[in-house]
Amino acid sequence: MRHTLFISDLHLEEETPSITAHFLYFLKHQAPKADAIYILGDFFEAWIGDDNQTPFNRKIIESLQTLARTKPTYFMRGNRDFLIGQRFAAMTGVSLLEDPSVIQLYNKPVLLMHGDSLCTLDHKHQAYRRKIMKPWVQKLMLSLPLSLRRKLAKKFREQSRRHNRTLSYGIKDVTPEEVNRVMKEQNVELLIHGHTHRPAIHDLTINGNPTKRIVLGAWHHGGSVLRYAQDGSFELQAFKIDL
């Protein structure tokens with residue numbers, strides 16, 4: 001049956017070759033069978049600018065380019081790769097999506113988000129997010145030498161890890177009130193997002209109507225994909241390959 005695939009939170013980096021191998025397997029064996037592929041943020045562990053053309057980044061860009069030649073491929077930036085820009089889109093052939101975006105998925109309106117904006121109890125991250133999403137801040141960051149951007153990215157990742165270790169389970173997750181607010185505002189019955197690394201299908205009720213929130217999984221020890229079929233059925237699928 002015709003279907004569309006959704007992935008997020010691969011956190012690709014040169015230091016995790018097993019995850020890269022799983023992504024390349026996904027491109028070869030799963031993506032070609034889909035109508036379209038949506039990547040909902042944190043595709044990279046860190047992205048410091050489209051001008052950072054390392055051999056590893058070129059490899060990933062070329063793999064996306066091959067995919068996008070034959071399949072519509074959509075890319076939403078996350079909090080780890082928010083500096084991805086139009087040059088990356090031109091090099092890969094992906095279409096950039098704003099966060100949030102409502103798409104028509106087999107004639108059904110579906111809200112797509114990375115998901116970090118839903119974690120409103122994490123006040124420190126929300127303050128950080130408000131800063132980094134300002135166009136002038138991004139322009140300033142991209143004006144810095146690559147060597148300095150690498151150092152800053154490393155520093156930010158270390159700070160993020162320390163911060164996450166201090167948070168309780170609930171603070172790291174989305175808040176139901178924000179989920180309800182956003183879904184009401186966008187007038188949708190289905191929300192798909194990543195970020196929290198807690199793959200699940202949540203049944204909700206909004207304005208007396210049954211709704212769903214699907215959370216994509218992170219690629220820690222293997223692949224994680226949402227397969228959404230034309231008939232409205234869907235499944236979160238995990239896979240692992242022998243390396």
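Cβ atoms here come from the backbone N, Cα and C positions, even for glycine.
Among the candidates His3, His114, His221, the residue that Swiss-Prot names alongside Asp42, Asn79, His195 for the Mn(2+) 2 site is His114. Mn(2+) 1 binding, as stated in Swiss-Prot, involves Asp9, His11, Asp42; the candidate among His193, His197 given for that site is His197. Taking the Cα atom of each, Ser160 (substrate binding site) and Asn79 (Mn(2+) 2 binding site) are about 11 angstrom apart. Once Cβ contacts within 10 Å are tallied over all protein chains shown, the binding-site residues Asp9, Asp42, Asp122 are led by Asp42.
Of all the binding-site residues given, namely His11, Asp42, Asp122, His197, those whose Cα is no farther than the 10 Å limit from the Cα of Asn79 (Mn(2+) 2 binding site) are Asp42. The Cβ of His195 (Mn(2+) 2 binding site) lies under 8 Å from the Cβ of Ser8, Asp9, Gly41, Asp42, Gly78, Asn79, His114, Gly115, Asp116, Leu118, Cys119, each of which sits 6+ residues away along the same chain. Apart from the site residues Asp42, Asn79, His114, His195, the chain places the Cβ of Ser8, Asp9, Leu40, Gly41, Gly78, Arg80, Gly115, Asp116, Gly194 no farther than 8 Å from the centroid of the site's Cβ atoms, the recorded Mn(2+) 2 location.
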